[in-house]
């Protein structure tokens, strides 16, 4: 196991140094880059995103439970947003109860410049906090993560380390209780795209393989136009890599765009809690080209990468291109790639 050593400060000078230099609130913002090194992560981050969505409505019993986790609650239940047929509160209302009195304008991870020019966006991608009230926007990593100019950084600058520390703690206690009540899980259904999308993915991969065959033919005939400062093989490898990487990215975009906003993997990626566009691409569409030091897998022995392939094979599969997705499953040679 790990070893731990404890040093007990004994003089007033040492105690003062420890209180100023080692106290957690004083370490929220790092002097290295003058930005926070602490922020909301993983479960709580996903919870923030789910909690502050427009369609999150809370019934009275859950609101009462959540209010018990608000540290400075004044005992007054806020006015419900919807009164009939039964009172309902929004997640934004309850989230606002723990916010410090600061102002903030932030763009969420899903913000798109063209459709989201207006103040009130179609997909709630602009976060407006006015005097501690969350007016619009889905709270994600860009707002409560360890980013410069985010909510934690703004609180630290305007109200000090203690209030920043309190904010981080309050968000975790409140949001984690909401996630506990709501629940969140990823099933196999979240990784399955529709049949039309899968047809498009297969077409994209087949087109890329056809391009590579054409590049092999041109390279063998020495009719391939050379890139500046590169010989024939370097030019060939560069163009093959570009074509195969483009196939992976295009198939991934196709798969991602087909997944609804209610998809749990997509929600995690958009919240910034875990995963990325590449993960969605590899799970649903195509794992893609495996590179070692920026190049396709080179021949290991006897002019081939694995015993499964013939000698001097320049095709995509023999040099590390995995056309299957993790959902469909990998062939033995793809697994070794």
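From the backbone N, Cα and C atoms, a Cβ is placed for every residue, glycine too.
Note that TrEMBL annotation is computational and uncurated.
These numbers come from a predicted model, not from an experiment.
Feature list (source: TrEMBL):
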DOMAIN    1-24  domain 'RNA polymerase alpha subunit'
DOMAIN    27-190  domain 'RNA polymerase Rpb1'
DOMAIN    220-322  domain 'RNA polymerase Rpb1'
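Across all of the domain 'RNA polymerase Rpb1' (27-190), the predicted model scores a mean pLDDT of 90. Secondary structure of the domain 'RNA polymerase alpha subunit' (1-24) per DSSP (helix as H, G, I; strand as E, B; remaining residues coil): 11 helix, 0 strand, 13 coil.
The domain 'RNA polymerase Rpb1' (220-322): residue composition by secondary structure is 47 helix, 10 strand, 46 coil, according to DSSP. Distant neighbours of the domain 'RNA polymerase alpha subunit' (1-24): 161, 165; these residues of the same chain sit at least 6 beyond its ends, with a Cβ under 8 Å from one of its Cβ atoms.
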